[in-house]
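Read through the structure below, which is laid out as structure tokens, and then see the notes.
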Amino acid sequence: MSAPAATPIFAPGENCSPAWRAAPAAYDASDTHLQILGKPVMERWETPYMHALAAAAASRGGRVLEVGFGMAIAATKVQEAPIEEHWIIECNEGVFQRLQDWALQQPHKVVPLKGLWEEVAPTLPDSHFDGILYDTYPLSEETWHTHQFNFIRDHAFRLLKPGGVLTYCNLTSWGELMKTKYSDITTMFEETQVPALLEAGFRRDNIRTQVMELVPPANCRYYAFPRMITPLVTKH
């Protein structure tokens with residue numbers, strides 16, 4: 001007899017967006033898990049992958065935009081790179097407070113930007129960033145697999161300088177896709193992500209990926225596949 005299927009991360013029609021900003025940011029005592037509204041937002045086992053994303057976003061130096069702060073895993077790695085400025089968008093009150101405290105300790109200038117990216121990104125100037133790292137949590141069942149495309153299409157391409165690098169992830173989506181539809185992570189990315197990148201204006205020969213081996217803990221609710229994929233998307 002097979003084990004019962006795990007409860008999906010989102011129920012049909014579920015929308016966390018109205019309550020997300022003010023909801024408590026539940027960092028556990030060991031600072032290895034962050035939950036908001038009961039959703040598994042981030043876990044420290046992701047560290048090697050977050051560091052790969054950070055390295056990609058900071059690879060051109062200069063001014064880096066990070067969308068979503070979480071547990072500061074990627075942000076701390078970005079600060080180790082020879083960058084000039086580090087702009088960070090975060091909407092949750094508790095996470096933003098942690099961002100403000102963290103910013104005071106960093107070697108490079110941090111510009112904390114409070115709000116949903118949908119509110120903040122339109123206020124940012126064109127061709128302003130050398131690198132972008134987008135890693136926010138989906139706030140509804142409707143946008144579970146697609147929220148990153150809205151940012152990429154509406155903002156990422158225009159915000160990057162020519163030669164700038166976009167990297168991003170949606171582990172909550174990709175974990176589900178690798179569980180239910182795909183066995184090869186590169187194929188998953190090619191079929192579900194590349195079309196949206198092309199639509200946003202990026203060229204196919206400027207879209208690369210790197211795959212790393214990383215085995216999640218057995219109790220991780222959102223990701224079980226033993227590989228992770230890092231997009232490296234350059235604006236021409």
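Any Cβ shown, glycine's included, is placed from N, Cα and C.
What you are looking at is a predicted structure, and each value in this text was computed from that prediction instead of being measured.
The N-acetylserine annotation in Swiss-Prot covers Ser2 and is backed by similarity to another entry. Among the features that Swiss-Prot reports, domain 'RMT2' is placed at 13-236, with the record citing sequence analysis. Residues or ranges marked as S-adenosyl-L-methionine binding site by Swiss-Prot on the basis of sequence analysis: Trp20, Met50, Phe69, Gly70, Met71, Ala72, Ile73, Ala74, Glu90, Cys91, Asn92, Trp117, Glu118, Asp135. Residues or ranges marked as guanidinoacetate binding site by Swiss-Prot: Met42, Glu46, Asp135, Leu171, Thr172.
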Under a three-state DSSP reduction, the secondary structure at Glu90 (S-adenosyl-L-methionine binding site) is strand
To the nearest whole angstrom, what is the C-alpha distance linking Glu118 (S-adenosyl-L-methionine binding site) and Asp135 (guanidinoacetate binding site)? 14
Can you tell which of the binding-site residues Met42, Glu46, Asp135, Leu171 lies nearest to Glu90 (S-adenosyl-L-methionine binding site) in space, using Cα positions? Asp135
Only counting partners 6 or more residues apart, tell me which same-chain residues put their Cβ under 8 Å from the Cβ of Leu171 (guanidinoacetate binding site). Glu46, Tyr222, Tyr223, Met228
Asn92 (S-adenosyl-L-methionine binding site) to Thr172 (guanidinoacetate binding site), Cα to Cα, whole Å, comes out at 18
Between Met71 (S-adenosyl-L-methionine binding site) and Thr172 (guanidinoacetate binding site), the C-alpha gap once rounded to whole angstrom: 16
Are there any residues in the same chain, six or more apart in sequence, whose C-beta is under 8 angstroms from the C-beta of Trp20 (S-adenosyl-L-methionine binding site), and if so which? Ile36, Leu37, Cys91, Asn92, Leu139
Integer Cα-Cα distance in angstrom, Thr172 (guanidinoacetate binding site) to Ile73 (S-adenosyl-L-methionine binding site): 17
